[in-house]
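These come from TrEMBL:
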ACT_SITE  His32  active site
ACT_SITE  Glu81  active site
ACT_SITE  His85  active site
Amino acid sequence: WKKLYLAHHWPVTVCKMSANDCQDPPQYWTIHGLWPDKTEDCNRTWHFNVTEIKDLMSDMRHYWPDVLHSSLNRTQFWKHEWDKHGTCAATLQVLNSQKKYFGKALELYQHVDLNSCLLKAGIKPSSSYYQMTAIKETLTRFYGVTPKIQCLPPEEGEKAQTIGQIEFCFTKELQLRNCTALNGESNQMQADLKLGTEELSVCSDTLPTYYPSQVQ
């Protein structure tokens, strides 16, 4: 693989996509995962063991919660992320154990600090619309790279898309880079967030964009 995606999702939108037992989703961007491009389930024999990340637990619950299931003792979401993505990322020395993989993802999340970037730019959850181009410009100006932004397309009768996921891309040296595919790279990484029949897709630049503060 060539690059890593650090995916943040907006809990309110995740809950909108799938009711499940979403209760009071956090009002801040949380981690969805740290994903190498073009890989899946790389080492099925390397099983997830929650005791290896016990020191990270309070941060994991806060910054990487299982938005769809409110029980704090659930580790299913992290197990899925480790099995599917972590075992692939582990070819890099800095990510070659569960503790390193989850710990480094938390570190990158703090380093990117998406929540405060958006707040500083005055982009906060609201019932009015945003222009997608304005959100993109803000992020690109702030980080110097182009992230990948995904939305929930308008439902019937709606005219606006709903922002759901923002992914930042990193090189294998863990430096921020553009998310657009470089020459010779195929871009096969689709959102692995499919809930029910709805799924996120790359946001349209022309549709008005909701950044919802509560699940409707």
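Cβ atoms are placed via backbone N, Cα and C, with glycine included.
A quick note: this is a predicted structure, and the numbers were derived from the prediction, not measured.
Between His85 (active site) and His32 (active site), the C-alpha separation comes to 11 Å.
Packing around Glu81 (active site) is summarised by its Cβ count: 23 other Cβ atoms lie within 10 angstroms of its Cβ, all protein chains included. For the pair formed by His32 (active site) and Glu81 (active site), distance between Cα atoms is given as 8 Å, rounded to the nearest Å.
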